[in-house]
């Protein structure tokens, strides 16, 4: 492009998206530069000052070294072959020095630069730190983004690796001497991601240009100028010794890229030293500047030079020639405290530092001097001071300026700033930009300025507004007191412009003005008068008082009867609560306003107290009469204050009317006595009366109905007040159901809410949110029960009783299948098998039928063992047992009330506690698995009826006659269960179902039934093993089998049990 085309119009239309290389006279693009033939590094040393400390890049490791400018110039002048190290100066900012008058950036850059055009001039301040014992060298620190002008001095073979300029700033670059080679990479999303990974790998020495999508090369010769857009990744190589001028700037048409780079810096945790200072404060100033153009509102307080806390170096200072003066330690005699610069960068630990600023008597610090006097070196004439002017103290000047700002903000609705006391803390992030906005005056848009927002600019500014709104904490700039209102209005204008470009209607939600109370309007405690709306004008009367004659107007005298005056409320919006004074509220003892007729005389609180006492006496007398009534209903508040209707017949009503007549006479007499005994009211007596009334009210509040209910709930009694009898309440002519004290449904968990309450002042109620052992676990007896027949008394005794009998009467262990039962005992055992099981320990092993006698292995005779399908003999033909140990009167089960009452399960059932039983399948698996471990228990115990006794063959004797178990006769109401095909020959399940009688079903508790399995012989198990090796030896002992076979056998048993349960 031609140099003359680089204008503001071209910029607004195209923006800065690609690098622009100009090889022309720099004056054609609005630049100002010294002559290359006469300007050298010695000129820089003379104009800037040799005692200025600079940070130099060490090319070998891309580190940094500090040295004075004079030391670097000496290194620069050394011959090329004598340089041991390569140093590169990239951070010599020459603003506020005489060199600034010789070099100017391109005209377009100066027009669009945010820092040069928007940053407040009064906030351009600095402070200087002097180093060394002699205080010759110094380092300047600035309180604004000072990045506009740089002088870059590089020796040959210097290289700067790939980087993005801080905060996404754009760069202008002019080569005065030497050459520069640039590698440029566009800021695409892919390249940004690769660059972040490149920054993280510090030890990577590979050339980054080969890892990206595209990389461009540009060679700048002496006299060339280039503009590098925001976000472009670039590296620079210096083939010859060079002297370059450049600078960084931020502008509006690169907001998205600038914010993206700023976020990448936050993500990579780049130190403050290598970032743009005061970036977020600058964003607030930019938004405030746009809002002022679009709406006329001013959000930035005009800052004064006199308010500068540090050394002012703004435009007025430069116009006075302050930048021409050399910096020397002798000119600074005021030290700056560490609190003033605690957030600034600190120098090295080993250097000697003295922080100083201009003296108080300096030419740039006195606010009362309109024209400053200068030395002879400046060439300006001195002006005599006015003798009549009296100096004003600093405190008086601050108070005067604050009063002026407050007056301006109160009178002008476009002023949205306050005095300096409302400023935010400097360099501290706050979330105040997300506070609610509140009331605001109407917004007036400048349509001419709003229409200048191009689609390109609108997209960039929308990204800026969205970023500030989403950020949790921001650094609010000095002078801005309403950041939330500023952000809201900035985004509102952008929405309006977006609606205009898209052709959609714009709906602006104007924030309603605050509804002021009458007190605020009378005292003037408001910012501006509320605008009168149409609704208010509708409510206003169309006629005036002067239009009516006096005869038609009401008298101004106040009415005798007190009226309730409602406050004036708007027709829309929330109603305001105007509290009524405490003295105007009349309450009775219960805290409610008493009801009285409109035609009654003036309200007297003493008379009301007497009436209440009389009503209480009446109610007590009525309660004594009504104690004989049968029906008593709970008391309601309405029924207690008003007289309840009597439910008696007409003769009783007539009696009540007769009794009521003398009561009225008593009331009138008491009231007359009280009135006659009243003395004349004096001031002291009135005060005493008020105090007495307050004490009486407090006493009655303490003894109120609420406190009585609380005491009753806590178990206490109200000793002061007499309990009144409960009266029936009627709703719609029918009596309500009385409230039951006891719960209708039984409490299954034994939870008593009254036990959770405690008296006030004695402790703290249990928290519903704090999980503790007390409020999580229920107090229930955690006992596991097994369903098994009831044991007799001999079996429930201690094991020592059995040990005494075992040596005298050696016998085989108890075999349930060989036991002889009479008809009654069989029925009785069947009944007991359905009773509540006895309490069993949680970890008790399942015992088997063993005894302490020595085990004599014998073969069981299988001749007398019936098959499952053999004919069952009747019960009266059963043979008697020959062994006395197998059957004894003490071992016969019998029904006893003591056992039923002492059974913990029965007690638990009476209490209403549900004890969940184990499933039948789980019990069978558990007992089958633990049968081998409990074979040699210390005492004999009956096996549960649903577990087959597979090992009983090794204890049975051949001499013991076998019995044939019988099933009860099938009743007519039961299905046919005696079918011989119920268990086929292939089914090896040892479990059968014993049918029940109707009486057993009706009387049995809701517990699982015990099932008596049919007898199973060892031969049957061997025949049903499908050719598999038997697990039992000839002597009846269980042989050891592999674990896999045991698991497989257990699985088959479980499967068969499941099929039986499903059937």
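Note: Cβ is positioned from N, Cα and C throughout, glycine not excepted.
A quick note: this is a predicted structure, and the numbers were derived from the prediction, not measured.
Straight from Swiss-Prot, the features:
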BINDING   160, 180  substrate binding site
BINDING   163, 165, 234  Fe cation binding site
COMPBIAS  390-400  compositional bias 'Basic and acidic residues'
COMPBIAS  594-605  compositional bias 'Acidic residues'
COMPBIAS  613-631  compositional bias 'Acidic residues'
COMPBIAS  636-646  compositional bias 'Low complexity'
COMPBIAS  647-665  compositional bias 'Basic and acidic residues'
COMPBIAS  674-712  compositional bias 'Basic and acidic residues'
COMPBIAS  776-806  compositional bias 'Basic and acidic residues'
COMPBIAS  813-835  compositional bias 'Basic and acidic residues'
COMPBIAS  892-902  compositional bias 'Basic and acidic residues'
COMPBIAS  926-937  compositional bias 'Low complexity'
COMPBIAS  950-963  compositional bias 'Polar residues'
COMPBIAS  1005-1016  compositional bias 'Pro residues'
DOMAIN    86-266  domain 'JmjC'
REGION    379-400  region 'Disordered'
REGION    554-750  region 'Disordered'
REGION    776-1040  region 'Disordered'
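Sequence features, as recorded in Swiss-Prot, placed on the structure.
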{"residue": "160", "record": "substrate binding site", "CB count, 10 Å": "19"}
{"residue": "163", "record": "Fe cation binding site", "CB count, 10 Å": "15"}
{"residue": "165", "record": "Fe cation binding site", "CB count, 10 Å": "18"}
{"residue": "180", "record": "substrate binding site", "CB count, 10 Å": "24"}
{"residue": "234", "record": "Fe cation binding site", "CB count, 10 Å": "21"}
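Take the mean position of the Cβ atoms of 163, 165, 234, the recorded Fe cation site; other residues of that chain with a Cβ within 8 Å of it are 160, 162, 164, 171, 228, 232, 233, 235. Taken residue by residue with DSSP, residue 160 (substrate binding site) is part of a strand. Broken down by DSSP into helix, strand and coil, the compositional bias 'Basic and acidic residues' (390-400) contains 7 helix, 0 strand, 4 coil.
Cα-Cα distance from residue 234 (Fe cation binding site) to residue 160 (substrate binding site): 9 Å (rounded to the nearest whole number).
Across the structure, residue 165 (Fe cation binding site) and residue 180 (substrate binding site) place their CA atoms 17 angstrom apart. Residue 163 (Fe cation binding site) sits 16 Å from residue 180 (substrate binding site), taking the C-alpha atoms as the reference points. Mapped onto three states, the DSSP output places residue 165 (Fe cation binding site) in coil.
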